[in-house]
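Noted in TrEMBL for the protein shown:
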SIGNAL    1-18  signal peptide
DISULFID  Cys30-Cys47  disulfide bond
DOMAIN    59-211  domain 'Cupin type-1'
BINDING   His107, His109, His157  Mn(2+) binding site
BINDING   His109  oxalate binding site
Amino acid sequence: MKAIYFLVSLLALASSFASVYDPNPLQDFCVAFNDTQNAVFVNGNICKDPKVVVAKDFFKHVDPGNVVNKLGSNVTPVSVNELPGLNTLGISLAHLDFAPKGLIPPHTHPRAIKIFTVVEGTLFVGFVTSNQNNTNRLFTIVRNKGDVFMFPIGLIHFQLNVGYGNAVAISSLSSKNPGVITVVNAVFGSTPPISPEVLTKVFQVHKKVINYLEKQI
């Protein structure tokens, strides 16, 4: 009986590992398609008939992003939504542009590991761990052109341009649709908004402070 319980537990564990990331495709490609008349629904998207797939289904041109904004940064995603050929392949990327002192604020990707490559400039990057041993550890480092850094799946992380010129980076992500949760937007800009009673209790501040912060989002 113990052996049976052990086998069941092992199978359950294997199943949980298999579902952590995008499942492996069982075909060469499955180009995402919007026409629901003659298509098949696979892994969150409809597949285009392979007979009508063309080269441009696997191509996406990315221009430098506009960094004239409050944060001085721009993220241009290249996920299955922008590049249909990525459907079911379990990968995507983002082109990141930074003005001097530009910031991509603390955020998380709930479905992906991120491999971060600095193309130009100098960036201060970091992530915060889950509360292991009741401590959220912060890991930070300054990275330069050609450096690669990784952010574990689901952990809050950020990037700040600490150089004197513009910076560019590429993020590679282990999901065709990694998702993004920007912490400050989620807390102070959700729809509908989180109750002020909750936020004043969490941050131990007056309601006026919460109202002010919500107006900034």
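For all residues, glycine too, the Cβ spot is worked out from N, Cα and C.
Because TrEMBL annotations are produced automatically, they should be read as predictions rather than curated entries.
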Inter-residue Cα distance where the pair is His157 (Mn(2+) binding site) and Cys30 (disulfide bond), in Å: 31
Rounded Cα separation (Å) that holds between Cys47 (disulfide bond) and His109 (Mn(2+) binding site): 25
Additional residues surrounding Mn(2+), by Cβ distance to the His107, His109, His157 centre under 8 Å: Pro106, Thr108, Lys114, Phe127, Phe151, Leu155, Ile156, Phe158, Val180, Ile181
Residue with minimal Cβ packing [other Cβ atoms within 10 Å] among the binding-site residues His107, His109, His157: His107
Number of other Cβ atoms within 10 Å of the Cβ of Cys30 (disulfide bond) across all protein chains: 26
Count of other CB atoms lying within 10 Å of the CB belonging to Cys47 (disulfide bond): 20
